[in-house]
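Copied from TrEMBL, the annotated features are:
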| type | residues | note |
| --- | --- | --- |
| BINDING | 88, 118, 136, 163, 164, 165, 166, 187 | S-adenosyl-L-methionine binding site |
| BINDING | 187, 215, 216 | Mg(2+) binding site |
Ligand SMILES: C[S@@+](CC[C@H](N)C(=O)[O-])C[C@H]1O[C@@H](n2cnc3c(N)ncnc32)[C@H](O)[C@@H]1O
Ligand SMILES: [Mg+2]
């Protein structure tokens, strides 16, 4: 049986996805125009108030230890084992951590914050003074992530930039004093991976040795990104086969080191 809750959640995810993708919806209420104002208000309240992301945050706030990033990650994982979610998770997480530790970055960028899980995982490893910027197009997700990061005690290490990657990347130098990026975690919608990689190059944000690490290159899959980084002659690539978070499905991360 399809639950009303599930339908609302699908609609909400669709709205967030549309907002981050190329078909950006300027005004979500347009979609609900055929409804009368009261129904419209009820639907919007339902969609935004009790999302899976909000319930994940509530679960963490009720159970995890404030100021303890590992505890926050553990409770996000625990919640997501019952209700699948897009966090990089506790199987791929250690691979991401290994690459970050080996890279020892001073300036990091993440594309796709979601609830802040990977931002917490990565930022806790960074040496003092390292900058970690994370871009999230969905305002509701960005708000949840900020609360999650605050609760984990990582608020001084992580800066969320709310907006789409396509709009924010070209402004990183002027608005956020970024010279070049040492490490980029690419984990938003896979159709944005290649255009955003090219945008990072065009904006002069990559230097010889900059490390890109892309999630979900097998599931849901990013074939055009894999082809670009493996055949353009601009990157040295390594594949890390693994499994999709909270699932037995096959997935992989791709590390691409810019040749400069
Ligand atoms: C897979 S989730 C990120 C998971 C997160 N990195 C983690 O592991 O905890 C993808 C997120 O990217 C956001 N997103 C999608 N396209 C985007 C874009 N073009 N710019 C910024 N954020 C985007 C979505 O709203 C969603 O919250
Ligand atoms: Mg991912």
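Heads up, residue numbers simply count up from 1 along the chain you see.
Placement of Cβ uses the backbone N, Cα and C atoms for every residue, glycine included.
Note that this is a predicted model, so its numbers are computed, not measured.
Here the features listed in TrEMBL are painted onto the structure.
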| residue | record | Cβ neighbours (10 Å) |
| --- | --- | --- |
| 88 | S-adenosyl-L-methionine binding site | 22 |
| 118 | S-adenosyl-L-methionine binding site | 26 |
| 136 | S-adenosyl-L-methionine binding site | 30 |
| 163 | S-adenosyl-L-methionine binding site | 16 |
| 164 | S-adenosyl-L-methionine binding site | 21 |
| 165 | S-adenosyl-L-methionine binding site | 25 |
| 166 | S-adenosyl-L-methionine binding site | 17 |
| 187 | S-adenosyl-L-methionine binding site | 25 |
| 215 | Mg(2+) binding site | 30 |
| 216 | Mg(2+) binding site | 25 |
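In the three-state DSSP assignment, the secondary structure recorded for residue 215 (Mg(2+) binding site) is coil. The binding-site residues near ligand 2, defined by a Cβ under 6 Å from one of its atoms, are 88, 215, 216, chosen from 88, 164, 166, 215, 216. Separation of the C-alpha atoms of residue 163 (S-adenosyl-L-methionine binding site) and residue 215 (Mg(2+) binding site): 20 Å, rounded to the nearest whole number. Classification of residue 166 (S-adenosyl-L-methionine binding site) by DSSP places it within a helix. Proximity of the binding-site residues 118, 163, 164, 215, 216 to ligand 1, judged by a Cβ distance under 6 angstroms to any of its atoms, singles out 118, 164 in sequence order. Apart from the site residues 187, 215, 216, the chain places the Cβ of 88, 92, 112, 185, 186, 188, 190, 214, 217, 253 no farther than 8 Å from the centroid of the site's Cβ atoms, the recorded Mg(2+) location. When the record's S-adenosyl-L-methionine-binding residues 88, 118, 136, 163, 164, 165, 166, 187 are compared pairwise by CA position, the greatest distance found is 22 Å. Secondary structure from DSSP puts residue 187 (S-adenosyl-L-methionine binding site) in coil.
Note: the CA-CA distance between residue 215 (Mg(2+) binding site) and residue 136 (S-adenosyl-L-methionine binding site) rounds to 16 Å. Each residue contributes its Cα atom, and for residue 136 (S-adenosyl-L-methionine binding site) and residue 216 (Mg(2+) binding site) these two points are 17 Å apart. Between the CA atoms of residue 118 (S-adenosyl-L-methionine binding site) and residue 216 (Mg(2+) binding site) there is a gap of 14 Å. For residue 187 (S-adenosyl-L-methionine binding site) paired with residue 216 (Mg(2+) binding site), the C-alpha to C-alpha distance reads 7 Å.
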